[in-house]
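Read the structure below first, then the notes.
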């Protein structure tokens, strides 16, 4: 792949930084860190560094960069750094945070610390933060900033331009001004690109967009992300149920939701958390992984118990023990294809009662087609291998049964789990494996018992 | 979960649309479709609809909405619709496309059709498209629009404002103007938020940002996405290797890259393609899935062959057949945790030579800890179940071996595959399963053969 100049430069800096770290010349490390890299690059570097070196690097970072770096860190790493600060340090480091970022940070700290931080803020800032904190983290309310620029509908564009010039700077991602009435009720938006081409003498009301996308404060964050994706938004106003303007959501925060959402399915299917730090220390990692292994061990023991039912048959025909993993594993693969597809489609909101029937029907028929195809292949191989016609018939039937069950189970499981508020990405794989293992061993060894007993 | 008003309304419309579709009153369907829903909503609806109903809906869509809807469709669905048009229809439907979207569309069509479409365009448009088409689809060049607004450094802000007012509209996502010299070489950017607070008499040179992020035209799209994510960008200029301005990349296209990137790992691990249409018809689906099942069947046969080596031992101690899947499956689970973590971390650029050693070491030790823990549990259960001390010792040793091998293999595999330009998300799981199956059966049955033979 082609490396860009910017990337090459950054890699060069990180390499020299690592050399400096290895040689123990911390002065040099500090120099490269604070002068050569942007805060977001430093955050990325910290996340890519094992715990011990990470805390050395963090101590070498310039005090006035710390706040900005924190905003770019993932939850787990950030919480780790923040938990070592006292409330005074916390307040000074988070001084320049946007309200949504500060609320994010606070939500991860103990109740007592939150209160201390709030107490040490001035009352205006405290009210803003308390407003954001009162909404769940995974809603539009938890995602929003309160730094909106609002205007009234009856002034002219010329006045708006002069009003804007009175600001020292405008908030990042300001692509539209929000038009409100005296009671702060939302009326429309004035996209900046519209304002710039409008005649200075026209009024806001004449050129504003009254059809703009707005978001109600309790909208789940994944729904907000889908809306931004579908409508190509940069920012959107957040309204209370009475239509009052509360703040705005911006694309930079939505991108994080999209990334987390998409990662969530991938990581959950392996029993991992998308917020996990890649470089979590040994003991913490071992504990988290142990839980997942324990859950999967139950599945494995259930499968063993099923096999145990047929000890006598296996003793008579050992070839069964040789072939049985094929039936179980092919079922697992077929099932996980349907499962992954449905989990993915549900995440982007494509599955509903209207099309689930079609999907189930297709997966069922695909299960029959591929079940038949691979049953013939495996049966042929088994007959040649063990020189036994019946074993071929048995494994063919068992494979067909398991692939069809796998297709149906893989399609329905996410829907059933979701309806019960269980995360399909986390629980779906384990349950599916249990089903395909049990059905696979039961059908194969059961049929064999009928034939060979 | 809380449903928002907007969402509820859309669901209501889709429900009545489905009822109209069921009752066969196509006039009503067309009315709901074209008046009640935005183009992005219609695109989403089409993607959520099985093939037959989908083509009915598509035929009912207003001709002048078709172009915009196409831009929101995923590759597979869009190509399907477009392949049914002749070049004249193609030209008229894609008239209002941005250059990057049009290039995307053309890239999926046969060479002959591309040429016909290009021939029927006016020469300025054709040159623009040919420029974008000359870059690979998965680079900044393939991602960029050419609709930049450029200004010279020596004019005043007041003149810039008057210049902008001469436009009928500004391109979407214009958050900055790009400052170039006479030779179109990039000098800096003028963020619109900066321009709006600047004094009208100051010159562009005085207030422009000369430190802005720029992207070289050959930068891979995933690298562009990481840059946008890290720097919270809305748009960024794309430069040739000589520093000439070629176009700009905007966040809406980057969001698609981020979504595709994240989905890629999830879908590939199940042998699916992130571009696949959820409602692909039966035969096409069966074919694609069959390939993946065939590949995994090889793994299953290799595992069977290993078991086959120990038929004599199993015949003597049938309990081995009952317990052996536990060793293989626990190895698979432990390995896939390490594999998923590393694939994810590689995707966001966190893995390098500097930290791979630390990661490998951690996974190795975690493997020992969890191997020991669950070896004891499983050994205890096996001893009680079969009333045989030796079988407990054997399965404990086999489990430890397999969990440690799984941890090391899961960590190293993605790195090795990536170095050979093989997609770890696609190939990693299959290879890992082969390793954990072979090592699991070999160690368990091998140890048993030594003890019981």
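Here the Cβ of each residue, glycine as well, is placed from N, Cα and C on the backbone.
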Correct range for transmembrane segment (source TrEMBL, candidates B:269-289, B:290-310): B:290-310
Taken over the domain 'CBS' (B:208-266), the model's mean pLDDT: 91
Residues of the parent chain within Cβ reach of the transmembrane segment (B:391-417), under 8 Å, 6 or more residues beyond its termini: 317, 319-320, 323, 326-328, 330-332, 334-339, 342-343, 346, 351, 356, 359-360, 363-364, 366-368, 370-372, 374-376, 378-380, 382-383, 423-424, 427-428, 431-432, 435-436, 439-440, 443-444, 447-448, 451
Within-chain partners of the transmembrane segment (B:429-452) [C-beta distance under 8 Å, separation at least 6 from its ends]: 269, 295-296, 299, 302-303, 306-307, 309-310, 312-314, 316-317, 320, 323-324, 327-328, 330-332, 334-336, 339, 390-391, 394-395, 397-398, 401-402, 405-406, 409-410, 413, 417
Folded-back contacts onto the transmembrane segment (B:364-385), same chain, C-beta under 8 angstroms, at least six residues removed: 319, 323, 326, 330, 334, 391-393, 395-397, 399-404, 406-408
Long-range neighbours of the transmembrane segment (B:290-310), counting only residues six or more past its ends (CB under 8 A): 270-271, 320, 324, 328, 430, 433-434, 437-438, 441-442, 445-446, 448-449
Surrounding residues of the transmembrane segment (B:322-343) on its own chain - C-beta under 8 Å, 6+ positions past either end: 265, 269, 303, 307, 351, 359, 363, 367, 370-371, 374, 378, 382, 391, 395, 398-399, 402-403, 405-407, 409-411, 413-415, 424-425, 428-429, 432-433, 435-437, 439-441, 443-445
Per-state residue totals over the domain 'CBS' (B:208-266) - DSSP helix, strand, coil: 27 helix, 16 strand, 16 coil
